[in-house]
Structure formats: C-alpha cells, structure tokens
C-alpha cells in the first residue's frame, strides 16, 4: 500500500507540475500582445496561496509522510509567483491595483497561519489547524475559475478558458484525490474531490463550446461590419436639402 501511495504521489506531482505549467501558453499570448486582455489574475494569486499553505502543511514538523505534497507545492509557488509578476506588468492600472491588494492579503493570511501554527500550536493540533486552512484555501483556489466558466456560458466561447489548464486541473485533482484516499487524509480528499468535479465541469463546457472559440471575436467583427454597411447605405441616400 505504501508503494502504491508513493507512486500515486509521484503521478500527482507530475500532474500538478503540468497544471502549473499549463498557463505558459496564456502568458506567452499576454507578453506578445502586451495586454492581459480579458484574462483574470485572481486564479494565480489564489493558486499561490494554496501552494504556500500546502508546502507548509507537507513539512515534517507539521504532518508526517507528506513530503511529496511540499515538493510539488513549493515548485508550484515559484511558478505562480512568476505568473503574477508578468500579469502585473501588463495589466491595466485598475486590475493591477486589485491584484496587488489581493496578493498582499494572501501573504498576510499565510504569515498568520505559519506564525500561529509554529508558535502557539503543537503536534496534532498544529496539523489539524494547518490542514483545515489548506483544505479551505485549496477549495477556494479550485472555485476561482467559476467566474471564467460563467463567462464561457455567457459568451458561448472558450477563448479565455484554456483547454490544457482544464485538463491538467482534472488530472491533478484525480491523482491527489486518490493519494488522499490511500492516505486517509481528509485535508487532501475534500479539496481535490471538489477540484475533480470542477475539472469535469470545465471539460464538459469545453466540449460544448469549443467550436465557438472565436465567437466573441466574430461577434465584434460582425458589429463593425454592420456599422460599415450602415454608413455606406447612409452615404448612398440622397441629401434631402438638395431636393
């Protein structure tokens, strides 16, 4: 059972790493266009908080036999921080201010969790406190794409919901859910069970609307076309003042 658990943990690390790297395509687009367009920076900030808390939770003095959790979460934290920096460079002023405020808030939250657990709590109480915090913020992270899913349903376009991000979110959720079930650890089971369900929902939305990926862009083009045709038609009408 321990060997199987370890192997699933390694698989979870691989899936988690792919999940963290999936937005690279999005950020290449942001850098190329020098604009964050309609992409949201909130999921990356919440992902950073999740990585920080799970890195802390997986350390030996907090919970035993969860070093694999710390490994992938630590790497993920560095990657997510890089995304946030790039997002801040190209985001408009209003969005940049919002993301900086949220970033300051999540760092304060993490420092409070780490300080309280290290200085005031010990043994199982420390593990329970950090575990509840990790499960809570992980659930919030998995829920952060809900606004994007709402946009997909509203616009009938998956342009701002990258496929690989949804796919790897699902694979990572399944891997860590299995790891949690083998470990009997509810801190890992609960958020990853929720994340697996949300990943399935995103993939279903992608299957429904993938053919409409350029729906928003085409709609805008159609609007401009209608305006141009209207101007041409107006130009063709005789001026009543000369009649």
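Here, residue 1 is simply the first one shown, and the rest follow in order.
Backbone N, Cα and C define each Cβ position, glycine as well.
Among the features that TrEMBL reports, transmembrane segment is placed at 6-27 (among others). Only residues 6 or more beyond the boundaries of the transmembrane segment (6-27), in the same chain, are considered here, and those with a CB under 8 A from a CB of the stretch are 39, 44, 47, 68-69, 71-73, 75-76, 79-80, 83, 86-87, 162, 164-165, 167-169, 171-172, 174-176, 178-179, 182.
Residues or ranges marked as transmembrane segment in TrEMBL: 39-59 (among others).
According to TrEMBL, the feature transmembrane segment maps to 71-90 (among others).
Beyond its flanks by at least six residues, the transmembrane segment (102-122) meets 42, 45-46, 48-49, 52-53, 56, 62, 84, 129-130, 133, 137 of its own chain at Cβ-Cβ distances under 8 Å. The transmembrane segment annotation in TrEMBL covers 102-122 (among others).
Under the heading transmembrane segment, TrEMBL lists 128-148 (among others).
Per TrEMBL, the feature transmembrane segment maps to 160-182 (among others).
Taken from TrEMBL, the feature transmembrane segment applies to 188-209 (among others). Sequence-distant contacts of the transmembrane segment (188-209) (same chain, six or more residues past either end, CB-CB distance under 8 Å): 69, 134-135, 138-139, 141-143, 145-146, 149, 152-153, 156-158, 161, 163, 166-167, 169-174, 176-177, 179-181, 215.
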Mind checking which residues reach the transmembrane segment (160-182)? Cβ under 8 Å, same chain, six or more beyond either end.
1, 4-5, 8-9, 11-12, 14-16, 18-19, 22-23, 25-26, 37-39, 68, 142, 145, 148-149, 151-152, 188-189, 192-193, 195-196, 198-200, 202-203, 205-206, 210
